[in-house]
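Trainee: Below, the features straight out of TrEMBL:
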- 104-296: domain 'ABC transmembrane type-1' (DOMAIN)
- 38-62: transmembrane segment (TRANSMEM)
- 108-128: transmembrane segment (TRANSMEM)
- 140-162: transmembrane segment (TRANSMEM)
- 168-187: transmembrane segment (TRANSMEM)
- 218-239: transmembrane segment (TRANSMEM)
- 275-299: transmembrane segment (TRANSMEM)
Amino acid sequence: MNSSADSVAQRETGRPLTGTLAVIRPRFERRRPRWQRIVFGLSPKLAIGLGIIIAITLFGLLGPMLLGNPLSIRDIGRTPPSGEFWLGTTQTGQDIFAQLAHATRGSLFIGVVVGVLAMLLSVIFGVIGSYVGGWLDESFSLFTNVMLVIPALPLIIVISSYVADKSILMLAVILAITSWAASARVLRSVTLSLRSRDYVAAARVTGERQWRIIGVEILPNLVPVLASQFVLAVIFAILGEAGLSYLGLGASGALTWGTMLFQAQNGFALTLGSWWWFVPPGLMIAVLGGALSLVNFAIDEIIDPRLRTASLDKNKKRAARRLRASIKAGATT
């Protein structure tokens, strides 16, 4: 086989394969620094998604401290983007760029709080119930199924309409109450599979307490699933908050991407052609949702071996193409 490969390489590049690899190999065997191995070892989906999320998070954290008061009224009316106001102003002269920075912080806060609360409820009803078993598992499973049957959006609208003065934290709690059931169902099925594993049975035989088995033996194996469900909960929270605020059911006095869209609607921004008022918050929702979806796809590749194998096959083909290109480049020189 080596002789045939050498003959093919001799015919294509003018030199045997072993000699070509001897020239190329030192360049690939050069050891990269640790940070380069970590960065280049990431999945492209994960790297792009995390990069966008970090950029938006920094904008939401640092922007409100660097920009002025987003509610300051100026006697200039509605103006398009300019050097002074990068995203223009509203009909009352308020800086839209400053509003976008504060709204980013508010929307991210809702997304993170909803994700954390939804994961806590999912662990209680999905992991603890399925591990303990018996009547507790049956009760938790019944309640989870009931929450799954009820449509989420109408339930959110009904609950929000009955709460008069909603703070941003209250809105996050409402969204979390209506978004945990699907994650609990997924965690329950995975936990039922894990509780029959040998290491869990060995921990029970040695007399370990149930809470320690759940915390030490089961939850660490659920980290990829928890991360995936957390990302989905954040996406649901941001989209849900935007929908509620657009309908006028958002948090009272809070500034989020949804409230910016609501104010743009009330200010007839679409009718008057003030695209700089409603496009930035809508674009931020779309970009962050796409970035979170990329991260979720990357986590799915980690969880599902079939997706990971397909990704590795693509990487191998890509590496083979680079190797062939290097061989041809070496042959021309």
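Glycine is no exception: its Cβ is also placed from the backbone N, Cα and C atoms.
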Trainee: Which of 108-128, 140-162, 168-187, 218-239, 275-299 has the most Cβ pairs closer than 8 Å to the transmembrane segment (38-62)?
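Mentor: If we count Cβ pairs closer than 8 Å to the transmembrane segment (38-62), 275-299 scores highest.
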Trainee: When you scan the chain for residues with a C-beta under 8 Å from the transmembrane segment (275-299), skipping those not six or more beyond its ends, what do you find?
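Mentor: Distant contacts of the transmembrane segment (275-299): 43, 45-46, 48-50, 52-53, 56, 78, 80-81, 87-88, 90, 96-97, 100, 103-104, 107, 224, 227-228, 231-232, 234-235, 238-239, 242, 257-258, 260-261, 263-265, 267, 269.
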Trainee: With Cβ-Cβ distances below 8 Å as the criterion, list the same-chain residues six or more beyond the ends of the transmembrane segment (168-187) that contact it, or say none.
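Mentor: That would be 106, 109-110, 113-114, 117-119, 121-123, 125-127, 130, 140, 144, 147-148, 152, 155-156, 159-160, 222, 225-226, 229, 232-233, 236-237, 240-241, 244, 250-251, 254, 256.
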